[in-house]
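This report concerns only the one structure given below.
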């Protein structure tokens, strides 16, 4: 009965674009109008405002965490199925990528995906975060780190997630994040991808 409303609420939470919200708070340009045009922490960092970028990262991750954690806490009282939790997880990411509050022009979903994974399986999230950190510090390319960590997510989920529907949700999340990085993949192939903090 509450499965569909739970998914809808998760989508709305995911639709809160912290890159845009934080930028407006600090009187900065809309991140969709400069750099890569992506409303995410990496692009906000290109503005030179490290605090704004950090808040964007935390906000985007937190909304994924809160959306799924809220559903998990209320799972028994509301009679939500495990499949509904999986759908809630996916909906939070879809909201971030296609936010109803911001003209359906959202980000690439890396931070939000991490928050979602943290709520579903802390171990899976930890594996992905460690991979991202190693790649980011090693190569200084955020998109490369994100792509490798994203690819590893479904594999880690196979070992750490208790429900098949959650594993499939993680796979779907990984596919969406990879698809949103199509331009980054092409730039990596051409050797034109910018490094962390580098202005375009």
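Counting begins at 1 with the first residue displayed.
Yeah, the Cβs are placed from backbone N, Cα and C, and that goes for glycine too.
Note that the coordinates shown come from a computational prediction; the quantities given were computed from them, not determined experimentally.
As recorded in Swiss-Prot, the features of this protein are as follows:
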- 2-22: transmembrane segment (TRANSMEM)
- 51-71: transmembrane segment (TRANSMEM)
- 84-104: transmembrane segment (TRANSMEM)
- 114-134: transmembrane segment (TRANSMEM)
- 158-178: transmembrane segment (TRANSMEM)
Tally Cβ pairs under 8 Å between the transmembrane segment (114-134) and each listed stretch (51-71, 84-104, 158-178), then give the stretch with the top tally.
51-71
Is the transmembrane segment (158-178) close to the transmembrane segment (2-22), in the sense of at least 3 CB pairs under 8 angstroms with a sequence gap of 6 or more?
no
